[in-house]
Amino acid sequence: MASNNNLAVLEALDTARTQWYHIKAIVIAGMGFFTDAYDLFCITTVSKLLGRLYYYDPAHSDRPGKLPHYVNNLVTGVALFGTLSGQLVFGWLGDKLGRKKVYGITLILMVICAICSGLSFGSTADSVIGTLCFFRFWLGFGIGGDYPLSATIMSEYANKKTRGAFIAAVFAMQGVGIIFAGLVSMILSAIFRKRYPAPSFKADAIFSTQPEADFLWRIVLMFGALPALLTYYWRMKMPETGRYTALIEGNAKQAAADMGRVLDIELDAEGEKLSQFKAANQFPLLSHEFYMRHGRHLFGTMSTWFLLDIAFYSQNLTQKDVFPAMGLTRKAPDINAIEEVYETSRAMFIVALLGTFPGYWFTVLFIEKIGRFIIQLVGFLMMSIFMLLLGIKYDYLRDENKLLFVVLYVLTFFFANFGPNSTTFVLPAELFPTRLRSTCHALSAASGKAGAVIGAFVVQSYTLDENVGKIKRAIMVLAFTNLLGFCFTFLVPETKGRSLEEISGEDGGAQNETQMAARRSATIKGSGRLEVI
């Protein structure tokens, strides 16, 4: 039940027509996610190269060097620990200090740590990998801050009719980042391959690993600093969101001035109404009031994101191990080091272009028509079905029908992104009150990254040896986690077409409904019959 006593600044934001500044905000916030995805997933294209360069053992001359399991998991997964930590810290700071004040810090961290990741030097293999992991942790820390801040800023700028599409569009830049992770690695490795030809590992175990390849992986990692650097100036020019300025800082006049400056709307400050608005929404996160209003929603967003990321990051981080079985790359002994990077990058680019990228933008197109709830529900269900088929028929698909293998694999990515990978990002930005929105999104996102850590350190260990039995078990377990995500989706409500204050109850709607329910209950107990109030 929505209240008619909404603030004019909030009403104006909810009903404002789509303007150039909305598009500009999508690009500014979205470039952060482009960088996030590039930095998190480009490591997949070069991790096998690191094994050839630093872990070749002449005693095992029948196979190229390979990262030990714990090193591989650490290299590909340490950024996820940083992301989880960054989400919690910056999410909390976003509510305490303001969205804008901490928004630029995340980009500075990403730029510095992406460059330093490529400058990871040392006298031994362990020192190089140790330095790389140190900087990738802090890179992840900066990336983590972008999740709650970008989602919250976009949700608070957008109007209620297009809010879901705008937030999803910001997140869809992750798909573009994944494509560029494959594309940049593919282009650079193609240049290096032409410039520094070498025999296959079978032909010459030593000279199949070009010394120049040590520059290749460093350039790939450092490229992630470029889009973040280009975005920094425009982020610093963005004003604080009108909702934060009005509802948290209590400055309706400044909120009206800021929003009137960037959006084509005229606003009046409303001091008295603002005081009433703030007074009704002072409860902290750890309170009975929050538990009664939003406890179920927070558990729903945290659990679904956790279950989704176990599968989603397992798929992305283990692509390099599944590609040979799909026929998209040749076996390691049949190619040289740079060729392996090229073929892995090309396969990653193809899968992202056909499955990952379209899924994100299908969500942008249909989220306001179908709704968040249905998209998430169907996405989880379809992922479960396709993964179950992949797990059960893995031997047949690998040996006799590689085309069907590729199709099913691509479809799991498509429905992950035209499904829960997008909606789990959108919903926490809409369900919670302004005072706690960034923190609750951070808790949900951090829960997701906890699932991603399980994918990186547990599920990935089942695919590294290319053992068919282990891979089949891993895929079927992922199908089950998706089915659990389907079930937990019923804990979150549909938010389509409603204002943020109506959804969160900040406008008094949720409080009024609670009071009416209590009065109905008291009437039933007192008289033994239900009276309409």
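Our numbering is plain: 1 for the first residue shown, then up by one each step along the chain.
Just so you know, glycine gets a Cβ as well, placed from its N, Cα and C.
In TrEMBL this protein carries:
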{"type": "DOMAIN", "residues": "25-497", "note": "domain 'Major facilitator superfamily (MFS) profile'"}
{"type": "TRANSMEM", "residues": "25-50", "note": "transmembrane segment"}
{"type": "TRANSMEM", "residues": "70-90", "note": "transmembrane segment"}
{"type": "TRANSMEM", "residues": "102-121", "note": "transmembrane segment"}
{"type": "TRANSMEM", "residues": "165-192", "note": "transmembrane segment"}
{"type": "TRANSMEM", "residues": "215-234", "note": "transmembrane segment"}
{"type": "TRANSMEM", "residues": "347-367", "note": "transmembrane segment"}
{"type": "TRANSMEM", "residues": "373-391", "note": "transmembrane segment"}
{"type": "TRANSMEM", "residues": "403-422", "note": "transmembrane segment"}
{"type": "TRANSMEM", "residues": "442-462", "note": "transmembrane segment"}
{"type": "TRANSMEM", "residues": "474-492", "note": "transmembrane segment"}
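Remote same-chain residues near the transmembrane segment (215-234) are listed as 24, 28, 31-32, 34-35, 38-39, 42-43, 45-46, 49-50, 53, 104, 107-108, 110-112, 114-115, 117-120, 139, 184-185, 188-189, 192, 338, 341 (criterion: CB distance under 8 Å, separation of at least six residues from the stretch ends). Proximity of the transmembrane segment (442-462) to the transmembrane segment (70-90) is established through 3 or more Cβ-Cβ distances under 8 Å for residue pairs spaced 6 or more apart. Sequence-distant contacts of the transmembrane segment (373-391), counting only residues of its own chain at least 6 positions beyond either end whose CB sits under 8 Å from a CB of the stretch, comprise 304, 308, 311, 363, 366-367, 397, 405, 408-409, 411-412, 415-416, 418-424, 427, 472-473, 475-476, 478-480, 482-483, 485-486, 489, 492-494.
Same-chain residues lying 6+ beyond the ends of the transmembrane segment (70-90) with a Cβ under 8 Å from its Cβ atoms: 39-40, 43-44, 47, 50-51, 55, 102, 105-106, 109, 129, 132-133, 136-149, 313, 317, 442-443, 445-446, 449-450, 452-453, 456-457, 460-461, 464.
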